[in-house]
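Have a look at the structure below, then the notes.
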C-alpha cells in the first residue's frame, strides 16, 4: 500500500459518465474483521455493476454507537462506562494500519475509488474519519470530522484543518463532509473552493429533513452529493449486557428499525438520481454525468462569479494542531545558531 496526499490529476475526467454506488448497511458491532468481510462483499457487488466509486456510511468500520450510554452524565463517572469505551476503542482502527492495508487492497482488486467511514484511534483518542482509496490500491488519505455532534464530543476528538482534502482524480474531484459537518456553511465553502465535484456525505442521520440538506448542498455547491447512511435493526446490535442501549431502544423488538438509512444520490441540478432508501440494506447506484457540474454553475458558482470576496472572505487554517511539539537537540542547536 502506498499513500498519496492531494495528488493532482491535472486534467479533465477520462469519461463524462461515472457510475457511483452507495452502500447502505449495518456495521457488525464489536467485530471489525467481520465488518471488513461484509464491506468486501458489497464492494465486489458494486464493482460487478460497473461502479467506479463506492461510498460507505459514517463509522461503518468500528460502528456508530447509537444509543450507547458510556456511563455519561454531568459529574458522573462509573466503571460500566469505562468498560464500554474500552470495547469501543478495541473496535476502532489505526490509520495507517492493517485494516487500512486491507481496504486499499479491496479498492485495488476491484478497481474502484473507495470512501470508507471508520472510527480511527490515535493512541487513546478516537476520531470519526472518512478514508479515501484509489483503484491502484493506494490509501490516498483521510478526513477527520471537525465537529462531533452532541454526546459524540465525549467519545470522539475533533479533527483539524490538515485533513480536509479534495482529491483531483480521473473521475472527478473527490472529498467528504461527515454527518452534521454538512450543516457547517464555512466547511462546505472550503470544499467548494477546492473544486469538489463528488461530494461524499457519510452520515448517521436518517431523518426526512436530511434529504432537504443534501438537496440544498448539491445545488449550492454545484456538485454531486452522495449521502451514505447505515440501515440497522435492533438485532444488528449485540444483546445485553454486551451492548447497552438507552431506554427508548431497549423497548424495541429485534426486527425494529434503529437506523432507517435514507441514502441518496443527487445531481448538481437538484435531481434525485437514486434513493432515498428507507427500507433495507443494499446498494444505491447511479450514473453521474460530470457535465452537469458545468451546467449547474452557469447560473451559480458560490466561490466564483456568484461570490463577493470584497465583502465576505473565508480563511482556512490547514496546519495540524498537535498538543505537544518536540524539538530535537539538532534542531535546537540550528535554531540557536541563527539567533
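Including glycine, each Cβ sits where the backbone N, Cα and C put it.
Residues annotated as N-acetylserine in Swiss-Prot, with a large-scale study or a structure entry given as evidence: 2.
Here Swiss-Prot flags 18-290 as domain 'CN hydrolase'. Across the residues of the domain 'CN hydrolase' (18-290), the predicted structure has a mean pLDDT of 94.
All protein chains shown were included, and the count of other CB atoms within 10 Å of the CB of residue 58 (active site, proton acceptor) stands at 25. Among the features that Swiss-Prot reports, active site, proton acceptor is placed at 58.
Annotated active site, proton donor per Swiss-Prot: 145, in sequence order. Counted within 10 Å of its Cβ, the other Cβ atoms near residue 145 (active site, proton donor) come to 27, all protein chains included. Secondary structure at residue 145 (active site, proton donor), taken from DSSP and collapsed to helix, strand or coil, is coil.
Among the features that Swiss-Prot reports, active site, nucleophile is placed at 179, with the record citing sequence analysis. Cβ contacts within 10 Å of residue 179 (active site, nucleophile), excluding its own Cβ and spanning all protein chains shown: 25.
Under DSSP, residue 179 (active site, nucleophile) is assigned to a helix (H, G or I) in the three-state scheme.
A coil conformation is recorded for residue 58 (active site, proton acceptor) in the three-state DSSP classification, outside any helix or strand.
In this structure the C-alpha atoms belonging to residue 179 (active site, nucleophile) and residue 58 (active site, proton acceptor) are separated by 7 Å.
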